[in-house]
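Colleague: Got a structure for you, written out below as structure tokens; questions coming shortly.
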Amino acid sequence: MIQSRPRTPLGYLPILLPAFALIAFYIVPFGSMVGMSFFHNLGGGAYEQVFTLENYARLVSPFFLSVLGTSFEVAFLVALFAIVIGFPFTYLLVNARRGTQVFWLIVMLSVLSLSEAIIGFAWSTLLSRTAGIGVLFEALGLTEKAQSYAPSLGAVLAGVTYIAMPYAVLLLYPILSRIEPDIEQASRTLGASPLRAFFNVIVPMHRTPIVVSFVMIFVFTLGSYLLPQILGRPTNWTLSVVISDQALLQSNMPFAAALSIFLMTVTILLVLLVTLINRKGAKA
Amino acid sequence: MKLGKILSTLFFWIVGIVTIAPFVVIAGVSVNERKSLTFPPEGFNLGWYGDLFLDPEWREPLLTSLTIAICASLLAVLIAFPVAWFNWRYRTGFGKLVAGLGAMPFLLPPVITAMGFLTFFIILGYYGEFWTVVVAHAIFLVTLPLVSLSLGFEDIDTSLVEASRSMGASEATVLRTVVMPMIRPYVISGFCFVFVISLNEYIIAVMTVGAVFETLPMKIFNALRYGYTPVMAAASVVFVASTVLIFSLVAAFSDLPKLLGARSK
């Protein structure tokens, strides 16, 4: 039934239209952004079409190095938290009843799809003085008086971890659901408690997927855009925020384009790294 | 031994409760009697939900978001379907290349794709036109129906297709009478995924039409910066509820664990 290719060139027609759409509206916009990154900025949204490397030269300024430092710090910590929470959670989830699994998968998908504007609003409310954990802590007698916990770096980390956790769960779910039940059974027969079986057998077994998911969450977190603005101070802004700030508020399109190319290069290098780790893991 | 069980159950429920807590607080805040940000709510008032649908300041962003999401998800499915069908029917390098291209936008941080569209539409002079955000969302999210449809095609029992073909059915008849009914749940789930994410998407919408149109996520973010109103909470609750509802429907009509890659048991 499966043919290697259509009999006549006309048979390619169905896929030509989607191919055209993807090239015209993805490859070409990409190319135009690459071109833009080499133009000279005139200010106020205007630019001159001459070849210059000045936008890339600005990438090594102390200000952008500090932005980069913040972005990577946030992404690193969030990826770490998301894995530490997400891995055991997913492990418990795949061993739960099917109904429980479906329920939490719906919740995770929903949190992941919701607008960062809504998540940011929810977390800023949760961390506020009048409606959140401040009230709870005061009622429990933990603090003398309710206080606000945002904006701060901690609030950014909490908010971004909150959206990265479902991403971690959905990345790990297919992998962990393929664990043979025999493995845990075997370690139990040999006298290990479930907790020891988890830490001494399940976790070391999944070293490769853990590292791969860590890098994927790192990339995902670099894209976080509204949460650092809502929950943090300008010193907590990440590269994504600075890119859109340059494009929309400073109207410096060439520089915003150069920053995007930079972010893309970092992302592609990280994805290549993941593929490499995966291949090595498959061999081992 | 029992301690491990207690600890793991406790851990699972703490994570679960923290995941749901922000929305409980938002729901509570949305029924405050007066225009205040307090939880537990003071008094009870559903009027803010009325404002969301009646006050043009909120109703229009809501309708804009809905229109974009419906058009973008239709377009994304229309682009993805022929690619998935072609790759199921034939084995060609070109087909694989197109499918790979379709998976790219979703892998990169969205701000990069958004910047690409911004430069592209500015250079062409279409910046701010309504159709640009529809096309941008459809291309950005085409990966989702592509994945769900490819899974669906893989699942089709080929003996049924063989049977109908040997009885003389043409390619078009096979597609319409045999393939379509089996692939329909996957078309719908692909549509739903794009719809939900488009509805909630912020950065690409801002960078294509942000100067001309206001979507609901933009409205919420702007309201957040320029002062609080409980309508924001009401809008968020409606969005959370519809997102959960749509994914629940997907789960009801298809095998959600399998769609998300679990081993079928």
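Backbone N, Cα and C atoms are what each Cβ position is placed from, and that goes for glycine too.
When I checked TrEMBL for this same protein, it listed these features:
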type     : residues  : note
TRANSMEM : A:12-39   : transmembrane segment
TRANSMEM : A:59-90   : transmembrane segment
DOMAIN   : A:68-274  : domain 'ABC transmembrane type-1'
TRANSMEM : A:102-123 : transmembrane segment
TRANSMEM : A:153-176 : transmembrane segment
TRANSMEM : A:197-227 : transmembrane segment
TRANSMEM : A:255-277 : transmembrane segment
Colleague: Can you name the far-off residues of the same chain, 6+ from the ends of the transmembrane segment (A:153-176), with a Cβ under 8 Å from a Cβ of it?
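Modeller: For the transmembrane segment (A:153-176), the list is 74, 77-79, 81-83, 85-87, 89-91, 93-94, 104-105, 107-109, 111-112, 116, 119-120, 123-124, 127, 206, 209, 213, 216-217, 220-221, 224, 227-228, 230-232, 236.
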Colleague: Quick test of the contact rule: Cβ under 8 Å, at least six residues beyond the ends. What residues does that give for the transmembrane segment (A:12-39)?
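Modeller: Sequence-distant neighbours of the transmembrane segment (A:12-39): 6, 47-53, 55-56, 253-254, 257-258, 260-261.
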Colleague: Any residues 6+ beyond the ends of the transmembrane segment (A:59-90) with a Cβ under 8 Å from its own?
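Modeller: That would be 153, 156-157, 160-161, 164-165, 167-169, 172-173, 176, 198, 203, 206, 210, 213-215, 217-219, 221-222, 224, 228, 235-240, 242, 258-259, 262.
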